[in-house]
Amino acid sequence: MIFATLEHILTHISFSIISIVITIHLMTLLVHVIVGLRDSSEKGMIATFFSITGLLVTRWISSGHFPLSNLYESLIFLSWSFSIIHMIPKILNHQNYLSAITAPSAIFTQGFATSGLSTEMHQSKILVPALQSQWLMMHVSMMLLSYAALLCGSLLSVALLVITFRKNINIFCKSNDFSIKSFFFGEIEYLNEKRSVLKNTSFLSFRNYYKYQLTQRLDYWSYRVISLGFTFLTIGILSGAVWANEAWGSYWNWDPKETWAFITWTIFAIYLHTRTNQSLQGTNSALVASIGFLIIWICYFGINLLGIGLHSYGSFTLTSN
């Protein structure tokens, strides 16, 4: 009873804190002059990390096994993973380009775990025989950490594509608008337009340089975070193969979960390969990572929704109103 009450309190505390963090992020986007808001959001994410850590430890003690036995616990762990990734730039003394992604991702996963799943999924149960192994902690934690890192890195790539696409659209529209004006209004209008362009050259150059710097930083952090996630994914797949041999007598069974994990690994291996070619970096590699974003959700969420294969113990039902 004590553990259940403590778990309930920690769940609401962590969700409340991260909701405040999201509000602070929105305020900093709208009002830049308020001092201390950014530091408050960073402290809020740290407090969220400790709250979710306490929640996981409480479930671990009360259930007697590592809390990764069902989808509810894995979503809570995924939210915890997002909070860890959020703190990586802070630890490395870098500007945090991940905060706009990690905080909403954490609140989304925890909110879905709390409100989107049936109440039966919230209850800790005795592990099924397939999960009664020391490999549970190693395999599932590595897979979820990889999902969190790969999702963050992929979203950074999506942001890079959006910025690049908008910039190209603006250039295309401006060039067409300029051609139409010079065609209809003649040489005088053309000269006036040219003078206006010359006056704004310094501003446009600064804005383009800022966009270039932003896309470069997004590309840099996307590559770093995806590389980290790919390492976790590789370890998770290898440990899962060893566990599968222990539980089912075969290292690989082409189970739907295993198959999609392999597809996910292949997509991000292609991404890392494109990074070795200078001509394929930037938008090309970002496009591959964006595809990987969808593949991750199929692997993690879609297979559980169908409830098929050897990993069917991770299936779930949504709450009904």
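Cβ from N, Cα, C; glycine included.
According to TrEMBL, the domain 'Cytochrome c assembly protein' annotation covers 68-311.
Per TrEMBL, the feature transmembrane segment maps to 12-37 (among others).
Look at TrEMBL and you will find 44-62 (among others) tagged as transmembrane segment. Beyond the ends of the transmembrane segment (44-62), by six or more residues, the same chain brings 3-4, 6-7, 10-11, 13-14, 17-18, 20-21, 24, 73, 76-77, 79-80, 83-84, 86-87, 99, 102-103, 106, 110, 124 to within a C-beta distance below 8 angstroms of the stretch.
Feature annotation from TrEMBL assigns transmembrane segment to 68-85 (among others).
Under the heading transmembrane segment, TrEMBL lists 137-165 (among others). Beyond the transmembrane segment (137-165), the same-chain residues lying 6 or more positions past its ends with a Cβ under 8 Å from any Cβ of the stretch are 66, 68, 74, 77-78, 81-82, 84-85, 97-98, 101-102, 105, 211, 214-215, 218-219, 221-226, 228-233, 235-237, 239-240, 243, 261, 264, 268, 282-283, 285-287, 289-290, 292-293, 296, 300.
What TrEMBL records for 221-244 (among others) is transmembrane segment.
Here TrEMBL flags 259-274 (among others) as transmembrane segment.
Per TrEMBL, transmembrane segment is recorded for 286-310 (among others).
For the domain 'Cytochrome c assembly protein' (68-311), the mean pLDDT of the prediction comes to 77. The list of residues near the transmembrane segment (221-244) in space but at least 6 beyond its ends in sequence, with Cβ under 8 angstroms from a Cβ of it, reads 85, 88-89, 97-98, 133, 135-136, 138-140, 142-143, 145-154, 156-157, 160, 250-253, 258, 261-262, 264-265, 268-269, 271-272, 275, 285-286, 289.
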